[in-house]
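Per TrEMBL, the features are:
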BINDING   B:Glu166, B:His234, B:Glu249  Mn(2+) binding site
Amino acid sequence: MEYQEEDFLLLSGIQHFVFCKRQWALIHIEQQWQENLRTVEGGILHEKTHDNTIKEKRGDLIISRSMRIFSRTLGITGTCDVVEFHKSRDGVTLYGREGRYKPVPVEYKRGKPKQGNADVLQLCAQAMCLEEMLLCDTTEGYLYYGDPKHRLKVLLDEEIREQVKAICQEMHELYDRRYTPKVKPTKSCKACSLSELCLPKLCKNPSALAYMKKTISEIEVDK
Amino acid sequence: MRKLLNTLYVTSPNTYLSLDGENIVILKDEAEALRVPLHNLEGIIAFGYTGASPALMGACAMRNIALSFMKTSGKFLGRVVGEVKGNVTLRKTQYRLSEDEGESHKIAKSFILGKIYNARWVVERATRDHGARLDVDKLKGVCQTLANALKLVEKSQDLEQLRGFEGEAAAQYFRVLDDLILQQKDDFYFNSRNKRPPLDNVNAMLSFVYTLLAHDTAAALETVGLDPYVGFLHRDRPGRISLALDLMEELRAVYADRFVISLINKREVNDGGFTRMENGAVIMDDDTRKAILKAWQSRKQDEIRHPFLQEKMEWGLVPYAQAMLLARFIRGDLDGYPAFMWK
Ligand code: SF4
């Protein structure tokens with residue numbers, strides 16, 4: 001199946017989705033947060049061709065920054081921080097370049113490696129976009145963490161690819177129904193930047209009607 | 001909870017609000033009178049013949065700062081609204097519910113239950129605090145009537161019935177509001193509610209404070225993505241912020257009325273600050289308005305515990321919390337809208 005451009009979702013949403021589906025829905029469906037999400041998204045969707053201003057070349061390596069990417073089969077769009085093109089015989093030809101190259105996405109993260117595999121999934125989704133756009137294979141990518149500075153090689157195996165596909169499909173299902181999953185408080189909530197909007201505490205007091213009934217019925221008691 | 005930021009009240013007439021970088025600059029006779037960084041502000045309310053630059057309006061719209069213009073009397077004139085926040089789905093659901101009499105009735109019921117509950121609390125609280133100076137039997141009687149009204153409201157079948165019970169409960173409550181005024185009784189008395197124009201000092205203050213509250217509830221609704229103009233209890237009328245008025249119902253007694261009464265009882269206002277026109281209309285002078293705004297601002301900073309969320313927050317955030325709960329109900333996270341019922 002292929003998605004239309006206007007139905008593309010933001011690739012960066014994968015990390016929200018993995019963190020908490022409700023958080024993703026609040027940001028991406030309800031647009032409750034991120035002042036500029038819509039502007040960014042709009043900009044990406046309306047840019048018909050991706051921006052591949054190649055800035056650096058070091059020997060057999062071409063480094064391209066902020067490359068716009070998308071995948072029609074996953075129905076996502078986003079930006080790669082950095083795509084390295086390694087000269088390689090089993091690579092593909094690039095527009096305006098001699099020789100064959102293999103793309104390797106590199107994603108920069110400011111902090112420490114996170115628990116869970118959100119970063120890996122995001123990187124893998126980027127690689128899958130690149131494959132689809134360049135009609136090539138990717139086998140690996142890198143996650144670069146700022147704290148401490150180090151680069152982590154990530155192998156993009158079948159298992160992780162399946163996960164990316166499943167997540168994208170589920171994101172589209174929720175998006176089509178404009179459905180925001182109900183609160184399920186988890187330990188993520190503590191670290192969630194959206195908790196004040198989400199109100200995970202509502203769970204402690206799940207029934208508004210019961211709260212009102214009880215409050216009113218207590219009037220008699222204190223007389 | 002969200003942080004409560006300041007609201008800037010501009011009361012001197014003949015000022016001009018302009019933008020300089022990240023600051024709002026208030027010009028008086030073309031000289032800079034005040035400069036405040038925008039990032040500290042949540043709202044700006046300008047009274048009287050104040051001008052504002054389009055650049056400032058744009059900056060407020062972008063930063064979600066509610067900018068309202070009022071007459072010096074406190075009558076609301078208009079406000080600057082930025083790009084609509086939130087998703088259309090939420091608003092569409094709001095519109096659908098508001099067109100459905102049955103659903104509107106259910107939500108309106110919560111507003112009114114909250115309103116009467118809080119009105120009763122205000123009266124009850126007075127009998128406890130100042131029992132020795134009050135006609136306690138009379139007040140207890142009203143408390144009982146209001147408790148009964150709650151039962152009737154719960155059982156009400158439609159909006160019309162609901163409005164009927166609400167009207168009677170309000171009349172009962174206003175009947176004793178005057179009893180709660182314990183100081184300066186010669187100058188501050190309350191017989192009935194009048195607003196166009198207010199005919200006594202108390203009504204003038206109430207009108208003014210209600211406008212402040214309406215500004216806050218409208219801004220809160222806007223922030224959570226609801227349309228403040230489309231209500232459930234108050235039906236649409238062009239230019240009326242019906243939902244903001246709905247949401248205000250439950251806060252009137254406990255937030256606004258009690259505030260006005262305490263200003264009088266603490267002698268923070270006095271008769272000298274009011275002018276009576278030939279036709280009986282009462283107008284507040286600038287200093288009185290300033291005193292009220294100052295007290296209002298500090299009142300907003302008092303901490304309370306939200307009865308439903310069970311969370312500490314400032315009074316000033318209550319309209320926001322309620323707006324959020326309303327949005328939560330509309331998008332289906334809650335089985336009803338939990339009114340703010342003060343304990
Ligand atoms: S507060 Fe918890 S449930 Fe709500 S969005 Fe954040 S992580 Fe998800």
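Residue positions begin at 1 at the first shown residue.
Heads up, the Cβ atoms here are built off N, Cα and C, so glycines get one too.
Automated prediction, rather than curation, is the source of TrEMBL annotations.
Locations of recorded TrEMBL features on the structure.
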residue: B:Glu166; record: Mn(2+) binding site; DSSP class: helix
residue: B:His234; record: Mn(2+) binding site; DSSP class: coil
residue: B:Glu249; record: Mn(2+) binding site; DSSP class: helix
Protein Cβ atoms within 10 Å of B:Glu249 (Mn(2+) binding site), excluding its own: 24
List of residues, in chain order, with Cβ under 8 A from that of B:Glu166 (Mn(2+) binding site) and at least 6 apart: B:Ile112, B:Lys115, B:Ile116, B:Val153
Other CB atoms within 10 A, centred on B:His234 (Mn(2+) binding site): 19
Check: same-chain CB within 8 A of Mn(2+) site center, minus B:Glu166, B:His234, B:Glu249: B:Ala108, B:Phe111, B:Ile112, B:Lys115, B:Arg163, B:Leu233, B:Leu245, B:Asp246
